[in-house]
Amino acid sequence: FHLSHKVTRVVPESALLIVLGIFLGGIVWAADHIASFALTPTVFFFYLLPPIVLDAGYFMPNRLFFGNLGTILLYAVIGTVWNAATTGLSLYGVYRTGIMGHLNSGLLDFLLFGSLIAAVDPVAVLAVFEEVHVNEVLFIIVFGESLLNDAVTVVLYNVFESFVTIGPENVTGVACVKGIVSFFVVSLGGTLVGIFFAFLLSLVSRFTKHVRIIEPGFVFIIAYLSYLTAEMLSLSAILAITFCGICCQKYVKANISEQSSTTVRYTMKMMASGAETIIFMFLGISAVNPDIWTWNTAFILLTLVFISVYRVIGVVLQTWILNHYRMVQLEIIDQVVMSYGGLRGAVAFALVVLLDENKVKDKNLFVSTTIIVVFFTVIFQGLTIKPLVQWLKVKKTEHREPKLNEKLHGRAFDHILSAIEDISGQIGHNYLRDKWSNFDRKFLSKVLMRRSAQKSRDQILNVFHELNLKDAI
């Protein structure tokens, strides 16, 4: 379907792949009457998710990401907890009125379901937002939130699952405190594992001058090791591989040869694109299995209503707080796109499939609802987000290399702003960035970058080289 631009311009690729998956699943079902393929959590978490997240981390615009880190963290942590708690409690409240009929679930089961359905999915957001081309700030906030909220989701999921296992009557205050502590341990631990492996990878790439051919192999293997190590230590593997990619890109790109760099870029993009394709196709195929379908109209419709409504309320409230502290305000139009961009995807599906039927009696209803939610957000919201962005006239991104003049002025402004912050005694973004770049230049780069790469980082020489190259071309 890439031959027909009319189709891909209107329908996102992810939606087309899901439809194709349903079609293929239907053929298999018609032929054998067994659902022979399903997206299993093991395959998803260990083989399909890492390449996508590594690609996102390695090509992350670092300056934008760290510049908006406070905003991203607020949406990822507070926003996810808000969505999970409100969705779970509202569904339980409605269930108590009797509209949903009889279910074998208590408050904790509803909260468990709320925690897994609250997660904005990085794969779905990437697939849809890359086609829409919204401005960088909006993209980085929604995408950053979808990456970092994984730690919150997995912790909430594990906490409520353990509460369901021990029974509601045995849940104590100590257990709740342990849950809160585990969130910090899981997220910070995952991040530290990622940073450790990033420095290890940078150090290794410093000494590969005579074995250029295996340089790309080191990038993939060490990054994947960070994911597996975090998983083995029960920390956030997604945060580990994301920060491994973010922290190593600068040094690795400087150390490895031009050919290796090209190989890494194309291989990473190809693996991520392939994994995305497989995930969305499998989501479609997994839906064609009558054994998992349990229908409850009230439960499914109310889940869709609650996740949409509480997402909007959460975004509006948090943005109102943030705008008091942000230099660049998030306008109403940005908030609409952020509320609408809360796409659910394969992470929610993989988590719901992991549930134990013996402990969670309504597992099949939860699975059916999750599939409907994923299809609704990816297909319906994915289809309508492009017209919405055009209708609201959201600022689009511009893909072009900044001119030499712009680079020069940009750097001058950075120095001036950090100097003003220094004189006025304010510790802000510019001051911190300046201090970090000085530390990086004096210590980190000397350890993690080979000599020749450090020399070529001289800005004036770089500019001279660029101008010569342009003249030659």
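The backbone N, Cα and C atoms fix where each Cβ goes, and this holds for glycine too.
Annotation comment: TrEMBL describes 5-391 as domain 'Cation/H+ exchanger transmembrane'.
What TrEMBL lists as transmembrane segment is 12-31 (among others).
Annotation comment: TrEMBL describes 37-60 (among others) as transmembrane segment. Among residues of the same chain six or more beyond the transmembrane segment (37-60), those with a C-beta under 8 A of the stretch's C-beta atoms are 25, 28, 122-123, 126, 143, 147, 220, 223-224, 227, 231, 237-238, 241-246, 248-249, 264-265, 268-269, 271-272, 274-276, 278-279, 282-283, 285-286, 289, 346-347, 349-351, 353-354.
The transmembrane segment annotation in TrEMBL covers 72-95 (among others).
Residues of the same chain lying 6 or more positions beyond the ends of the transmembrane segment (107-129) and with a Cβ under 8 Å from any Cβ of it are 12-14, 49, 52-53, 56, 80, 83-89, 91-92, 95, 139, 142-143, 145-147, 149-150, 152-153, 156-157, 159-161, 163-164, 168, 171, 238, 276, 279-280, 303, 307, 341-348, 351-352, 355, 360-362, 366, 369-370, 373-374, 377-378, 381-382, 385. Annotation source TrEMBL lists transmembrane segment at 107-129 (among others).
Sequence annotations record features per position, and here TrEMBL assigns transmembrane segment to 136-160 (among others).
The transmembrane segment annotation in TrEMBL covers 180-204 (among others). Note on the transmembrane segment (180-204): residues 148, 151-152, 154-155, 158-159, 218-219, 222-223, 225-226, 229-230, 233-248, 251-252, 255, 447-449 of its chain, located 6 or more positions outside it, place their CB under 8 angstroms from a CB of the stretch.
Residues or ranges marked as transmembrane segment by TrEMBL: 273-293 (among others).
Residues or ranges marked as transmembrane segment by TrEMBL: 299-320 (among others). Listed by sequence, the residues of this chain that lie at least six past the ends of the transmembrane segment (299-320) yet keep a Cβ under 8 A from its Cβ atoms are 74-75, 78-79, 82-83, 86-87, 90-91, 94-95, 100, 103, 117-118, 330, 334-335, 338-339, 342, 344, 365, 368-369, 372-373, 376.
Among the features that TrEMBL reports, transmembrane segment is placed at 332-353 (among others).
As annotated by TrEMBL, transmembrane segment applies to 365-385 (among others).
Between the transmembrane segment (72-95) and the listed ranges 12-31, 136-160, 273-293, 332-353, 365-385, the one holding the most Cβ pairs under 8 Å is 136-160. It is 332-353 that, among the stretches 12-31, 273-293, 332-353, 365-385, forms the most Cβ pairs under 8 Å with the transmembrane segment (136-160).
When each of 12-31, 273-293, 332-353 is checked for Cβ pairs under 8 Å to the transmembrane segment (365-385), 332-353 comes out on top. Sequence-distant contacts of the transmembrane segment (273-293) (same chain, six or more residues past either end, CB-CB distance under 8 Å): 13-14, 17-26, 28-29, 35, 37-39, 44, 47-49, 51-52, 123, 126-127, 345-346, 349, 364, 367-368, 371, 374-375, 378. Remote same-chain residues near the transmembrane segment (332-353) are listed as 38-41, 44-45, 48-49, 75, 113, 116-117, 119-125, 128-129, 134, 137-138, 141-142, 150, 153-154, 157, 279-280, 282-283, 286, 307-308, 311-312, 315-316, 319, 363, 366-367, 370-371, 373-374, 377-378, 381-382, 385, 388-389, 392-394 (criterion: CB distance under 8 Å, separation of at least six residues from the stretch ends).
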